[in-house]
Number of protein chains: 4
Amino acid sequence: MFIIQRNTYFFVNLRTNFETMSNQNIKTVAVLTSGGDAPGMNAAIRAVVRTANSLGLECYGVREGYNGLIHGDFTKMGPRSVKNIINEGGTILKSARSSEFKTPEGRDKAFENCKKHNIDALVCIGGDGSFTGAKVFNEEYGLPVIGVPGTIDNDIFGTDNTIGYDTALNTAMEAIDKIRDTATSHNRVFFVEVMGRDAGFIALNSGIATGALDILIPEQKDSMEELFGTFRKAEKVGKSSSIVVVAEGEKLGNIYDLAKATKDEFPNFDIRVAVLGHIQRGGSPSCADRVLASKMGYGAVMGLVEGKSKVMVGVKSNRLIYTPIEEAIKKHNEIDKDLLKISEILAM
Amino acid sequence: MFIIQRNTYFFVNLRTNFETMSNQNIKTVAVLTSGGDAPGMNAAIRAVVRTANSLGLECYGVREGYNGLIHGDFTKMGPRSVKNIINEGGTILKSARSSEFKTPEGRDKAFENCKKHNIDALVCIGGDGSFTGAKVFNEEYGLPVIGVPGTIDNDIFGTDNTIGYDTALNTAMEAIDKIRDTATSHNRVFFVEVMGRDAGFIALNSGIATGALDILIPEQKDSMEELFGTFRKAEKVGKSSSIVVVAEGEKLGNIYDLAKATKDEFPNFDIRVAVLGHIQRGGSPSCADRVLASKMGYGAVMGLVEGKSKVMVGVKSNRLIYTPIEEAIKKHNEIDKDLLKISEILAM
Amino acid sequence: MFIIQRNTYFFVNLRTNFETMSNQNIKTVAVLTSGGDAPGMNAAIRAVVRTANSLGLECYGVREGYNGLIHGDFTKMGPRSVKNIINEGGTILKSARSSEFKTPEGRDKAFENCKKHNIDALVCIGGDGSFTGAKVFNEEYGLPVIGVPGTIDNDIFGTDNTIGYDTALNTAMEAIDKIRDTATSHNRVFFVEVMGRDAGFIALNSGIATGALDILIPEQKDSMEELFGTFRKAEKVGKSSSIVVVAEGEKLGNIYDLAKATKDEFPNFDIRVAVLGHIQRGGSPSCADRVLASKMGYGAVMGLVEGKSKVMVGVKSNRLIYTPIEEAIKKHNEIDKDLLKISEILAM
Amino acid sequence: MFIIQRNTYFFVNLRTNFETMSNQNIKTVAVLTSGGDAPGMNAAIRAVVRTANSLGLECYGVREGYNGLIHGDFTKMGPRSVKNIINEGGTILKSARSSEFKTPEGRDKAFENCKKHNIDALVCIGGDGSFTGAKVFNEEYGLPVIGVPGTIDNDIFGTDNTIGYDTALNTAMEAIDKIRDTATSHNRVFFVEVMGRDAGFIALNSGIATGALDILIPEQKDSMEELFGTFRKAEKVGKSSSIVVVAEGEKLGNIYDLAKATKDEFPNFDIRVAVLGHIQRGGSPSCADRVLASKMGYGAVMGLVEGKSKVMVGVKSNRLIYTPIEEAIKKHNEIDKDLLKISEILAM
């Protein structure tokens, strides 16, 4: 393996000498999960705890995200604390959004609690909102922080995939596969809403994977006329049933409005709406997510020990990389425009 | 095995002499699927076709339910027509509800088409609505009919389970298992709506299987006060997250209203609603459903050949039984009241 | 509901007055799992513990089957001890086969430990070997015992299904579905061995569910010539790939010998062997298994409280029934011979 | 997007002008699947056919790999020929290894058939053996060829993942998760063999994902003493059950020998062996595999139309890249050594 310097991120040589590491000043790390839960967060917690312990560090788990920092909800964790969780969805540390951490008073209490437990560094598993909190906290109090991208939305810059995304894709895909059985049996049109907030990753990939007739995502300007045109083309080639996958953040309109407008245009269509909802957040993580989370949890602790801070750990082409956290927050993982083209070509 | 006569149904001795059977008058059967699709319908079609063929009968598949009878959409089917479908959800014959079949003119056309294809008997796979059609058709034209209970709702009298019900239970359960991951990680209350129309079978069984705090079904009189009481009890024993499973036909109110009323009573609850929807109809059938459908498809043809008509085939304690179709229509599979008690005892 | 008296078992009216029950002498129950583990055992433990607690009884969990009785490995369990286990495979109480319990000395120690913990009754979740232990223990020391049939093999008399059987069927079926993809793509013949010891339930049902060409089970006399005849017939109708499902207890020979003999007869066949093995014992239980186990766990405690002993709880046509334990041990759940006929008819 | 030239491969700008493309000389492409089947091959076939058709090209499917080329088993395929296959495991074109194609006579016949059908280019979906055939064929007859890496083993240079690998990982992981239930319930040690021929990708990743105590792969020199040391360490930290994942190509010995040697060293261990076998090749492809295969199938046709030949299409960090086919054959996808370290750290 070799080190490649890039302007925005860099590959790390992990075959670092462990003896060197133990010279570092970090003796105790804390880990928390923040924001929406994602399958694989537990695998990441496990990796953080076991890697820290293997290096002789102490490790505390903080419950309910930044709220736990503020209210002092710290638990010391050893290798046995994280047994039998790699295959569990959700997060044993629980997660929450914290409005109190957005106030200086909240962060002050949080720092007091970190001092009380001799925390030398903080691992924050979550999305960009959580990273913003970590960044501000670091800037104010100097505590080293490292971000681990855990969100099903895959909207984080600096990594091929975020933890939970692959599992959510499979969940969405399996649900749409099931819906297709009914769509085909009844010659129906289904509008299926998938998660992803302002990002179309889940919609685009699950849509391609299920042979969706059309896929509507916020990153692309859509129009009802184009959608209607696609329906007409589908009728012409003899498709008797169709799935349209819609990202929850789609700008063209809410899924019920889209379905209604389509019914107005094609009164003979038998149209149904399905909102997949929260099933997409849960479930036992896929192999890819468990390995990714294990790698990132390991990479987070190794990064801290090597002196990194205010970075996010990521994985590109199976290699650990670190991106400055402000970049991970500001930039966005861009949708693969070619996939959009592929989705059109393969739909019919 | 032995034959037990009961007032409403009877066990059939299947070890009948096959030679005797070939003396029967039935030479050609038609099979259709009607009403909502259910996983396992394809396995039933396959069993009808292959059993008929093995007895030397011809078999026609009729597409889109009774509409196919009316419009003459008949296809001759042999053993190879149904290969590789036992594991597929939906129905290769497609299904539909037919308003035209409710008119004498519609049924007249249907009978003409049956005559044209020399159909001697009709196998109708569907729910009680479909059976009513079959019954009327038989009464008017004398064509032998037999019903096969295919619906995820399990609301048919005369069988332990209907085709598709077991698969739907597993689908609902797996979805709720996933939702629980998020509920637990965020200390949330989830109201989850499952299918079942006016029947609470899916709700009650999937609710017990997922450790739901409460289960609301149409068969039981519920009140908001009881539900609130359950929530209070759960808080007292320290449950920090909960699932309430609600049948779509619940009389107490629509799931959004229930959630809203709960939020009004417990303003600190973080409440979410999930409507599982059409995913419950699809998917590869479970082993139990494939075997049940195979048995019923076989039993339908054997029943016709043995001279049965206007009956529904069912399975109780793994044995094929036949119930007069009017009874299957009029009576209802009753919810197991003890399960309701069990659900209460086991919830906390 | 009504009570039907039969010679070998009887339906129980569960709408019993709870007040009456509390007059009983049973104040403390112990529960253990014994023999091979089966998915749903945890759901049964949970139901025993919560039902006992709801009736005001104390409940102890005994670890590692009868060994735990002998070595005094008892843990008091409350409703919270069994949270989040209904969806877990295996058994939190662990299971084992105990040779020591087969000795009078072993059972004597076991009884001493029961006395020490004031155990008034014992719930034994396991197979017929485990029931034999319970029966002898009861006969020697008079401690009330009740059996709960937990085994994937489904070879227990007195219940439609045993706990774990439905899950094992789905696991075997899904594995064979996957194998079929490869068989079809390469025009291969696969011999697939499934579990079930001396019982062919898993083989017969998973074989029907996956459209196996042939199914070899110990309950039926098979011959290589018949198998070869089936292969010849399959070639004639144009089947280019085949699955033969073989029960592990098949008398005709070990699966490798069967494959070899077939290769000798049909040198042009591309034959592979797959032994599904232990994956069939694990996994999150199906909805049917979770509900069945919940019902049986409840029924076991209710039975004890109502004064039953030396019986096994079972479920037939969704109703709880109790069978004398010696009958459950001596008789065997018989294979449905008609299913064998169905399997032949539907195979091609 | 931008083009980066590298010495061994290059990123391609897919936003190419479609009009330019139609000026190319390629009017008819053929596609085949060769070698062991892999989930996602059907998605790749679908993408090849639909992309070709969308560009106005004709497309032929060739059955049973190179054998079909030799025996003239060509079928013209349109967009409808590949409907409803994206979710199916295996390959509708069937696959085979062809010894005849290794002879000049065989290849000569193959080329004659290509000429007869006016084939201008060949898409070969398979592993490195299949690519060698394609390379030789191209060198002898000049027919443009492009390779699509389809194998569960992931041992191909020039792509992050091969088609089928992600699905196989999930299948292996789910199987081992199930085995762990039994291992834990009985305090057993399981040796689990997974596929991968001479490559340890499946073993290493599924082992990490399931928290295996140890993972034995051909890429790493293992010794029984190290393995025994790991067992001793595990006993010391109180692990009562363990999984050891072994790649089928492991050099240290066959899995039964490893188990036996371990039993000799630790006579009190309750040791079992599980060989996962062919279930790892089948099943509905994961979302990642369906999208990867769609992208590669598209990329294969686009590459041919853009004048590429004797290359393999791959995907790195979600981007299509092309690697000279001799490089794809000669080099090997190297195991991530850091993952080996991670697997050690996280095991206990």
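One is the number of the first residue shown, and numbering goes on along the chain from there.
Glycine is no exception: its Cβ is also placed from the backbone N, Cα and C atoms.
Taken from TrEMBL, the feature active site, proton acceptor applies to B:D153. Annotated ATP binding site per TrEMBL: B:G36, B:R97, B:S98, B:G127, B:D128, B:G129, B:S130, in sequence order. Per TrEMBL, ADP binding site is recorded for B:R46, B:A47, B:V48, B:V49, B:R50, B:R180, B:K239, B:S240, B:S241. The Mg(2+) binding site annotation in TrEMBL covers B:D128. Annotated substrate binding site per TrEMBL: B:T151, B:I152, B:D153, B:R188, B:M195, B:G196, B:R197, B:E248, B:R272, B:H278, B:I279, B:Q280, B:R281, in sequence order. Residues or ranges marked as domain 'Phosphofructokinase' by TrEMBL: B:29-302.
When the alpha carbons of B:D153 (active site, proton acceptor) and B:I279 (substrate binding site) are compared, the span between them is 14 angstrom.
In sequence order, the binding-site residues near chain C, meaning those of B:R46, B:G129, B:T151, B:S241, B:R272 whose CB lies under 8 Å from a CB of that chain, are B:R46.
In sequence order, B:V82, B:I85, B:I86, B:S294, B:G297 are the residues near B:R46 (ADP binding site), counting only same-chain partners six or more apart with C-beta under 8 A. Neighbours of B:R50 (ADP binding site), defined as other CB atoms within 10 A of its CB across all chains, total 28.
With all protein chains in the displayed structure included, the most crowded Cβ environment within 10 Å among the binding-site residues B:V48, B:M195, B:I279 is that of B:V48.
Listed in sequence order, B:G36, B:D37, B:A38, B:P39, B:G89, B:I152, B:G164, B:A168, B:M195 are the same-chain residues six or more apart from B:R281 (substrate binding site) with CB atoms under 8 A from its CB. Distance noted between the C-alpha atoms of B:K239 (ADP binding site) and B:R97 (ATP binding site) is 45 Å. Counting only same-chain residues at least 6 apart in sequence, those with a Cβ under 8 Å from the Cβ of B:S241 (ADP binding site) are B:R180, B:A183, B:T184, B:H186, B:N187, B:R188, B:V189, B:F190. Listed binding-site residues B:M195, B:R272, B:R281 compared with chain A at a CB cut-off under 8 A give B:R272, B:R281 as the close ones.
Averaged over the domain 'Phosphofructokinase' (B:29-302), the predicted model has a pLDDT of 97. DSSP assigns B:R272 (substrate binding site) to a strand in the three-state reduction. Listed in sequence order, B:D153, B:D155, B:E248, B:G249 are the same-chain residues at least 6 apart in sequence whose CB falls under 8 Å from the CB of B:R197 (substrate binding site). For B:D128 (ATP binding site) paired with B:R272 (substrate binding site), the C-alpha to C-alpha distance reads 34 Å.
In terms of C-alpha distance, the listed binding-site residues B:V48, B:R50, B:R97, B:G127, B:S130 place B:G127 closest to B:T151 (substrate binding site).
All chains included, 27 other C-beta atoms sit within 10 angstroms of the C-beta of B:T151 (substrate binding site).
Spatially, by CA atoms, the binding-site residues B:V48, B:R97, B:S98, B:S130 include one closest to B:I279 (substrate binding site), and that is B:R97. For the pair formed by B:R97 (ATP binding site) and B:R272 (substrate binding site), distance between Cα atoms is given as 34 Å, rounded to the nearest Å. When secondary structure is read from DSSP and collapsed to three states, B:D128 (ATP binding site) falls in the helix class. A Cα-Cα distance of 17 Å separates B:S130 (ATP binding site) from B:V48 (ADP binding site). Residue environment of B:S98 (ATP binding site) contains 23 other Cβ atoms, counted within 10 Å of its Cβ in all protein chains. Listed in sequence order, the residues B:S34, B:G35, B:G65, B:G126, B:G133 complete the 8 Å Cβ shell around the ATP site centroid, once B:G36, B:R97, B:S98, B:G127, B:D128, B:G129, B:S130 themselves are left out.
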